[in-house]
């Protein structure tokens, strides 16, 4: 089982897109060969809220498109208790998602999917702090999006 807890602080994301993102991230989970039960949260916020979060937790006083908080980093593993793997939290700024969709010439929904997957891959340990890691992460992102059928068209 894969549980995604959605929260929309903006009231801009249509209910059917919660379902679409759930399907995309479930597909990505399968593509990444994660077989155990897992859960995560996806929260949609505006520019003010993501800037506040970015400043508070990352010491960056600026707006960004997506922030991920991986809950498995440096956490001790609890054995003997049957609990789902808690991957973490993804926070997406809908304002920036719309701006980027307009800039790239694709739909708002496609951009939400892209950002959700980007955040998901961060939760799994992918990063883009150097050129090699960026190439690997963005390549994997494109593979999953294309296999799922969520293209830039």
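Glycine is treated like the rest: Cβ placed from N, Cα and C.
Swiss-Prot annotations:
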BINDING   118, 122, 128  Zn(2+) binding site
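Sequence features, as recorded in Swiss-Prot, placed on the structure.
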| residue | record | Cβ within 10 Å |
| --- | --- | --- |
| 118 | Zn(2+) binding site | 20 |
| 122 | Zn(2+) binding site | 20 |
| 128 | Zn(2+) binding site | 16 |
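Those same-chain residues not listed among 118, 122, 128 yet with C-beta within 8 angstroms of the centroid of the Zn(2+) site C-beta atoms are 66, 68, 119, 121, 126, 127, 137, 141.
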